[in-house]
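Lifted from TrEMBL, the feature list:
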{"type": "REGION", "residues": "1-58", "note": "region 'Disordered'"}
{"type": "COMPBIAS", "residues": "14-40", "note": "compositional bias 'Basic and acidic residues'"}
{"type": "TRANSMEM", "residues": "117-140", "note": "transmembrane segment"}
{"type": "DOMAIN", "residues": "123-297", "note": "domain 'Amino acid permease/ SLC12A'"}
{"type": "TRANSMEM", "residues": "152-175", "note": "transmembrane segment"}
{"type": "TRANSMEM", "residues": "196-217", "note": "transmembrane segment"}
{"type": "TRANSMEM", "residues": "252-269", "note": "transmembrane segment"}
{"type": "TRANSMEM", "residues": "276-295", "note": "transmembrane segment"}
{"type": "TRANSMEM", "residues": "415-435", "note": "transmembrane segment"}
{"type": "DOMAIN", "residues": "416-694", "note": "domain 'Amino acid permease/ SLC12A'"}
{"type": "TRANSMEM", "residues": "455-481", "note": "transmembrane segment"}
{"type": "TRANSMEM", "residues": "501-519", "note": "transmembrane segment"}
{"type": "TRANSMEM", "residues": "555-573", "note": "transmembrane segment"}
{"type": "TRANSMEM", "residues": "579-601", "note": "transmembrane segment"}
{"type": "TRANSMEM", "residues": "613-637", "note": "transmembrane segment"}
{"type": "DOMAIN", "residues": "825-1088", "note": "domain 'SLC12A transporter C-terminal'"}
Amino acid sequence: MPTNFTVVPVEAQGEERGPPERDGQRQQQADKDEEKERGAGDGTARESSPFINNAEMDRENLYEGKNMALFEEEMDSNPMVSSLLNKLANYTNLTQGVVEHEADEDSKRKEVKVPRMGTFIGVYLPCLQNILGVILFLRLTWIVGTAGVLESFIIVFMCCACTMLTAISMSAIATNGVVPAGGSYYMISRSLGPEFGGAVGLCFYLGTTFAGAMYILGTIEILLTYISPSAAIFKAEEVGEETEAMLNNMRVYGTCIIILMAIVVFVGVKYVNKLALVFLACVILSIIAIYAGVIKTAFDPPDFPICLVGNRTLSKRSFDVCAKFTESNNETKTTRLWRLFCDSSLLNATCDDYFVLNNVTEIQGIPGIMSGVLIDNLWSAYSEKGSIVEKKDQPSVAGSEDTKVGGLPYVFTDIMTYFTMLVGIYFPSVTGIMAGSNRSGDLKDAQKSIPTGTILAIATTSFIYLSCIVLFGACIEGVILRDKFGEAVNGNLVVGTLAWPSPWVIVIGSFFSTCGAGLQSLTGAPRLLQAIARDGIVPFIQVFGHGKANGEPTWALLLTAGICEIGILIASLDSVAPILSMFFLMCYMFVNLACAVQTLLRTPNWRPRFKYYHWTLSFLGMSLCLALMFICSWYYALVAMLIAGCIYKYIEYRGAEKEWGDGIRGLSLNAARYALLRVEDGPPHTKNWRPQVLVLLNLDSEQLVKHPRLLSFTSQLKAGKGLTIVGSVLQGIYLDKCAETQKAEENVKALMGIEKTKGFCQIVVSPSCRDGISHLIQSAGLGGMKHNTVLMAWPQSWKQTENHFSWKNFVDTVRETTAAQQALLVAKNIDLFPTNQERFTDGNIDVWWIVHDGGMLMLLPFLLRQHKVWRKCKMRIFTVAQMDDNSIQMKKDLQMFLYHLRLNAEVEVVEMFENDISAFTYEKTLVMEQRSQMLKQMQLSKNEREREAQLIHDRNTASHSAPAVKASVAAAAPEKVQMTWTKEKFVAEKHKNKETNLSGFKDIFNMKPEWGNLNQSNVRRMHTAVKLNGVVLNKSQHAQLVLLNMPGPPKNRKGDENYMEFLEVLTEGLDRVLLVRGSGREVITIYS
């Protein structure tokens, strides 16, 4: 039957995918493709990608009608190259994590092509607008006057070098692949991981928010100081209250403006974006006016006279004529200035000493670029708070020191100034270099535009700042430069006095530019917070990821306005500036760190298109950022680092796990590799030995762990230290068991998380359980980080022949751990062991030290008692004395040994005298051998074998009856325990035993002749097990945990099942037992 099909070209294919109208078959096909995406082909989970396993991809269209039949199987999961390239071409940048309005964006994108911006409009101008701002207009002249031209040049050069180096690092990161909108946060988080990304992202958010507060404070300062001083609500009633009144005005007006700006941003960002060009024009016009004014001063300096008394600068707000008195119609009249310094307007009035002794002079505030004033302004003039602004080379006569200057019309400094403080105030004027990278989603070619535009913008602004420093120093008198609020020039903005054609160009321009910058901050900061919240790495801010239906971040805007209000309440521009300097510097530091780490690691994915970077430049930039943080303010730097550190640890502890292929993970891998190569491949020194545990778990048919308490015991033993590998074996072929292996691994990891077991999980699939365990013992671990101890549960149902973990596997495991020189811990009755939540308030951990095993038995109780579960238990050590041992001396020696080991434990020596083998022992041996023989010789069917095993089990249970146990205990533990063997006691005890038991055993042998045919080796072993069990029960039946030396398996493999019986008898009647078999090397030492 012929099949009709249509060959769909890739272009058409892309077109057909657009409309949402599909019939039922297409929906079914999409559902099938989704199933393939979850487990395509060989069942392996694929990496999530916009290009691979797309559910919209029509499988038939991929290869039907093409000569690609050979790759049909592959196309279930991998697309054709033509399809991949088509998807790449149509790929669009959406902000990471923004889901709510993606559908709206998609529909709009189909209707109209979004215009993409180039380097100039998209990166250069936004960076220019963000970098140039409030500090340039309000504080740069004051910084030049205070620090001098040379030191100001150093300040600006350091800050500009810091941003230039950061821009180089940022360019490398931004050109290393597609950077969706999200800017610096996206770059840092994807380069350094979610912890650093979240911490630095929130720091950058706080920096941007405080920048908004700074711009708003700048706006109010311009309004109340230079535009409309009469608008102030709070007036200074007394002398010296001017500063406080100004701060209160700032707080009131700032709160009003922030509410107004928040409403504007909430109503619509599009209005803010439309106004951005107007604000930028204001900035550019203001700067042009400054340069024009500088040129004009060369031939026609503006007339801004300054009034001085001696060398002290006077504020011209209170008087108009700069003279003590005036001559009018041959009559001398005192001026308003006289009345400010004297108690009356009369010529014989009592005046201020300094005013009387010094002349009033008037000099030009802006002598011009040709005047040579630059030489005077080269050096710094730092001062204390409240000191008078003085002209250095002006002659003056000092008045009496008792004279108060508080109410006099001098120009005072409002804060104490020093170099490091000026760095903190200036640094915000070079921030804003991220503006271009934040718009990466709107650029035609982000990888070309971001480096070019950002570096050109920084170069331009650096030139403007550095040239302005020299030009201000060359044109303006030093006292005017140090006059922060322009009081000596009638309250004019100092930089405005230099501008041409009018000071109002600068005043109005700076007012609008600071307004615009504040609006931009209130627009950008909430979006940054929304991006972090939607990434889901900081759980407590996830609420701020929500917003209006169109994705506008309403809640984030409210939080931003609230944090901004904190900056407004501080009210001082000079106090807010260092705060945001810290946050920006920390952000820039981590951008440099990200670039340096990626470069040094040489990760295969690190292939930036921007080639002019080097790790030394990034490292220099990082060091400079760190240095500037502490130069600005060491306590602010520590607080900022503490905030970032707390956020980092919080994300690490509570945040969602993200895998972004970040550099820190690569750094960890490199460090791990280096450490593994450094760790010697041989055994560690005894002092460094600790149990590195391989835990062997049993899984049920649902791939769930049978004995979860084994992991609880592991975490109690390890307390998060050293290596833990949790392993299990699935029986079968790996190709058939892939899904089950993955499920088993997930279950084991989930349980490890619940039990707080820190370690690695390893599931092995093997045709036989025995081989799988052997593979784990041989190959688990890597290099020097290999396990040295195996922990497993006792196979409770070892007598059932159908058990997967049969006695045969158990005994082979014991042999293999011995061969591999590894210690073995076998927990019996593991389900009775405590959970991590339980606490033993009293009780003992009893150690039965029968043979020396390298000190494992001593070390394990010590490690267990570090955990809260076992902390209140006491440690008791029992050892067994033979006939020819001096038990008193043994006890003393053991106590001394424990003293040198720094272990606190009670010591007891138990003497086991020789007596003849009891009837109970013979009976146990007989049952054991009969069972073994029957299972070996009789070829029974499955059901018959089960019945036979049950019969033997019943007989064995009957032999455990109470009278027999009592008899054995009584035989093994006589009423009187001898503490020291003497020759006389030994002979008497021997004769007594012979007399009491000889006749009894003759009668028994007469009754049961088959006992004489028993293997005497087995009889002796059983005798030891029974006797030792009796002694242990007598002393340790109520102990919280009993640790026993585990005897080794027989060299002859024919007696393996008997070995299991011996161990069963040895531990009978005890609740919690840990059988310990040493590795054959010392693990504890008395030396330091």
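Each residue, glycine too, has its Cβ placed from N, Cα and C.
Owing to the predicted nature of the structure, the values given are computational and were not obtained by experimental measurement.
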For the transmembrane segment (613-637), sequence-distant contacts whose Cβ falls under 8 Å of one of its Cβ atoms, 6 or more beyond its ends | 158-159, 161-162, 165-166, 168-169, 171-172, 420-421, 423-424, 427, 578-579, 581-582, 585-586, 588-589, 592-593, 595-596, 599-600
Do the transmembrane segment (276-295) and the transmembrane segment (501-519) come close, with at least three CB pairs under 8 A (pairs 6 or more apart in sequence)?
-> yes
Determine which recorded stretch among 117-140, 455-481, 501-519, 555-573 has the most C-beta pairs below 8 angstroms with the transmembrane segment (196-217).
-> 555-573
What average pLDDT does the predicted model assign to the domain 'Amino acid permease/ SLC12A' (123-297)?
-> 86
